[in-house]
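Asker: Structure incoming, see below.
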Amino acid sequence: MSANHMTPDEIVAELDKFIIGQNRAKRAVAVALRNRWRRQQVAEPLRHEIHPKNILMIGPTGVGKTEIARRLAKLANAPFIKIEATKFTEVGYVGRDVDTIIRDLTEYSIKQTRELEMRRVRSHAEDAAEDRILDALVPPPRGASGEPERGEDNSARQTFRKRLREGKIDDLEIEIEIAQPMPQMDVMTPPGMEEMAEQLRGMFAGLARDKKKSKKIKVREAFKLIVEEEAAKRVNEDDLRAAAITNVEQNGIVFLDEIDKIAARQETGGADVSRQGVQRDLLPLVEGTTVNTRYGMVRTDHILFIASGAFHLARPSDLIPELQGRFPIRVELDSLSAEDFVSILSETDASLIKQYTALLGTEDVKLEFTDDGIRRLAELAFSVNERTENIGARRLYTVMEKLLEELSFDASANSGEVITIDAAYVDLQLAETAGSQDLARYVL
């Protein structure tokens, strides 16, 4: 079933495979995604007036804020960009201005749409690539005009086609004409002059277009290059750009991380270099404006913005009132417990345990984690979080890496062995480090 047609229940169930707990946040993003589908069912002109309800996630680091947004975008197959709010400065200061968010999102959508189109025409491109390679191996007869005549394959050509498909001539060298790749030209222009930059790029690209070079390469490499070339010929660039821009405008998701860092705190004195300025620059983007990109104008009216922050030193009310109003849905995420850590390690798809088991399995080392080993690992990670900085589930990465450090280093020497990770093994490897506050702070 397409993600666009999934009900909120189904979306939450899909997110549950990767993220433990945080049901309120999952429900909020599931409804936001479902509302996009609902909006598409509404007739114009009312459809245009329905705007997405942006979400503000509040919670400490490592509890799943970013992962929820990333998994949602993957589920919806939507253009998605994660950016740090602290990377941007007010227009007029040295640094990136907020319009680059939409430009980067559009670049991502172009890439995503191009990959989709290339897959769609790939079978035709492969047929054309086969013919071009066979032309180099068994040239077809030429007509009176000197052009190759296409007809039924002769027996030699049929034999080579069969061997090509079976991979029996992959290492054979052939001489073939390959299109020269266009030089990567990046024209630097001031904000607002992207159209001029695009014209310059087009001019330089036009100089290099249709240039071919004869190369002597193996059939395997030639096939890949020609398939790419033939697929690119079959993709209409104008249609691709139009589809990509529509995809950004209707389905784009922007994840604004660390938004609490640009909130001006009451007790802070000094110039506050452009904190409020960045917030004011974000306002039109979130509210709905038109941004000029190298591919055309992009409207942001229906792009979904998800902001997140720990809000340890600032409060959501420290954001300027206008920006607060642009994020009507607020969700607080809970800190993770030791029980949550157990679930993260054992229940999620692509859990850390599955990842490390697969990695060491490539060297024929079999890892077996017992229930008490997993629980002890979770308890130690939770304990270190309690006594030092609480970095949430990210602590599991450092603890797991330390646990398997020696085993990973000596994996080739342990080939064919079965290693059982139980509570005793975890204590042997980690108890001393986790027990000492100083060591835990700097090692874990």
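Glycine residues also receive a Cβ, built from the backbone N, Cα and C atoms like all the rest.
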Asker: ILE20, ILE102, ILE110, ILE217: which one does Swiss-Prot list with GLY62, VAL63, GLY64, LYS65, THR66, GLU67, ASP257, GLU322, ARG394 for the ATP site?
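Answerer: For the ATP site that includes GLY62, VAL63, GLY64, LYS65, THR66, GLU67, ASP257, GLU322, ARG394, Swiss-Prot also lists ILE20.
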Asker: Between any two of ILE20, GLY62, VAL63, GLY64, LYS65, THR66, GLU67, ASP257, GLU322, ARG394, the residues recorded as binding ATP, what is the biggest Cα to Cα distance in Å?
Answerer: 34
Asker: Name the residues of the same chain, 6+ apart in sequence, whose Cβ is under 8 Å from the Cβ of ILE20 (ATP binding site)?
Answerer: GLY64, LEU336, ASP340, SER343, ILE344, GLU347, THR348
Asker: Counting only residues 6+ apart in the same chain, whose Cβ is under 8 Å from the Cβ of GLU67 (ATP binding site)?
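Answerer: The list for GLU67 (ATP binding site) reads PHE18, ILE19, given in order along the sequence.
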Asker: Can you name the residues of this chain that are 6 or more positions from LYS65 (ATP binding site) yet have a C-beta less than 8 Å from its C-beta?
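Answerer: Spatial neighbours, sequence-distant, of LYS65 (ATP binding site): ALA25, MET57, GLY59, ASP257, SER308, LEU333.
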Asker: As a test of the contact definition, list every same-chain residue at least 6 positions from VAL63 (ATP binding site) whose Cβ is closer than 8 Å to its Cβ.
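Answerer: In sequence order, the residues whose Cβ lies under 8 Å from that of VAL63 (ATP binding site) (at least 6 apart) are GLN22, LEU333, ASP334, SER335, LEU336, GLY392, ALA393.
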